[in-house]
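Colleague: As annotated in TrEMBL:
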{"type": "TRANSMEM", "residues": "26-48", "note": "transmembrane segment"}
{"type": "DOMAIN", "residues": "41-288", "note": "domain 'G-protein coupled receptors family 1 profile'"}
{"type": "TRANSMEM", "residues": "60-79", "note": "transmembrane segment"}
{"type": "TRANSMEM", "residues": "91-120", "note": "transmembrane segment"}
{"type": "TRANSMEM", "residues": "140-158", "note": "transmembrane segment"}
{"type": "TRANSMEM", "residues": "197-218", "note": "transmembrane segment"}
{"type": "TRANSMEM", "residues": "238-261", "note": "transmembrane segment"}
{"type": "TRANSMEM", "residues": "267-290", "note": "transmembrane segment"}
Amino acid sequence: MELGNQTRVLEFLLLGLSQDSEQQPILFGLFLSIFVVTVLGNLLIIMAISSDTHLHTPMYFFLSNLSLADMCFTSTTIPKMLVNIQTQSKAISYAACITQMYFFMVFGGMDTFLLTVMAYDRFVAICHPLHYTVIMNPRLCGLLVLVSWFISLSYSLIQSLLMLRLSFCSNWVIPHFYCELAQALTLACSDTLVNYILQYLVTGFLGIVPFSGILCSYTRIVSSILRIPSAHGKYKTFSTCASHLSVVSLFYGTGLGVYLSSDSSSWRGMIASVMYTMVTPMLNPFIYSLRNRDIKRALRKVLGRTLCVQ
């Protein structure tokens, strides 16, 4: 339908990471490998935690939810990119673009909130060990995860509904490998003021509030660790939150790289986006399992049972 120079768009074109046809098989193999490793790694973490009763604790409950969110987060972008590379098509329908955008925001928000909740869990475990089981009871743990889902789903739904009211110009090309909200907004011909206001407010909220909570938790944790007299005691206590701190650093480091990039469609911006959307979810299972004896033991049991069945 024509409305002056505004058009109701039927599909967008995703330019992807490279226009060079010779690089497409390499990119396909690389991202297929990343996707398989991410799904299998996070799935193994979930299976290990659910099958071992010793891991039915708040920390591992939150970790299993984080693994689920990471697995889904990667699944919002890589499969479509692989299909486009394989079919040599850059098209994505308008409905599919909005859907991808919605789920990308949902699972990205879930990662942010779950990392904050996990920091609070470590704070309670280290600073209030005698009251840990009372404070981090199953009801509170479930409530924290439900609130995280509610906020992520609500914001993503509002932002997606606001996108539906926009009309787009004749240029429907998104210079990215997925439907990024900021890139899509630049293509709109209608007024995007409300969209930008909501985007900046929620980006600030999702960035500042959770990060402040993590920073506050670790400030108290470090203060508590420094009061431990023995060096062995300090090391042992800090090792319980080292994996989480590594994941937080990786997640926020790559996230800041994406959002502080002046042009997310530039090569540097693309690399930052790949690190944030693909590499970080792939590395999380390895970070949590490499130095965690409980996870290693549970994984050996799961893999052992799987091999026995075969």
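Glycine is treated like the rest: Cβ placed from N, Cα and C.
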Colleague: In the predicted model, what is the mean pLDDT computed over the domain 'G-protein coupled receptors family 1 profile' (41-288)?
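Modeller: The predicted confidence over the domain 'G-protein coupled receptors family 1 profile' (41-288), as a mean pLDDT, is 88.
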Colleague: With Cβ-Cβ distances below 8 Å as the criterion, list the same-chain residues six or more beyond the ends of the transmembrane segment (140-158) that contact it, or say none.
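Modeller: Cβ under 8 Å, 6 or more out: 58, 61-62, 65, 102-103, 105-107, 109-110, 113-114, 117, 120, 198, 202, 206.
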Colleague: Is it true that the transmembrane segment (238-261) and the transmembrane segment (91-120) have 3 or more Cβ pairs under 8 Å, skipping pairs fewer than 6 apart in sequence?
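Modeller: As far as Cβ distances go (cut-off 8 Å, pairs 6 or more apart), the transmembrane segment (238-261) and the transmembrane segment (91-120) touch.
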Colleague: Have the transmembrane segment (26-48) and the transmembrane segment (267-290) got at least three CB pairs under 8 Å, pairs 6 or more apart in sequence?
Modeller: yes
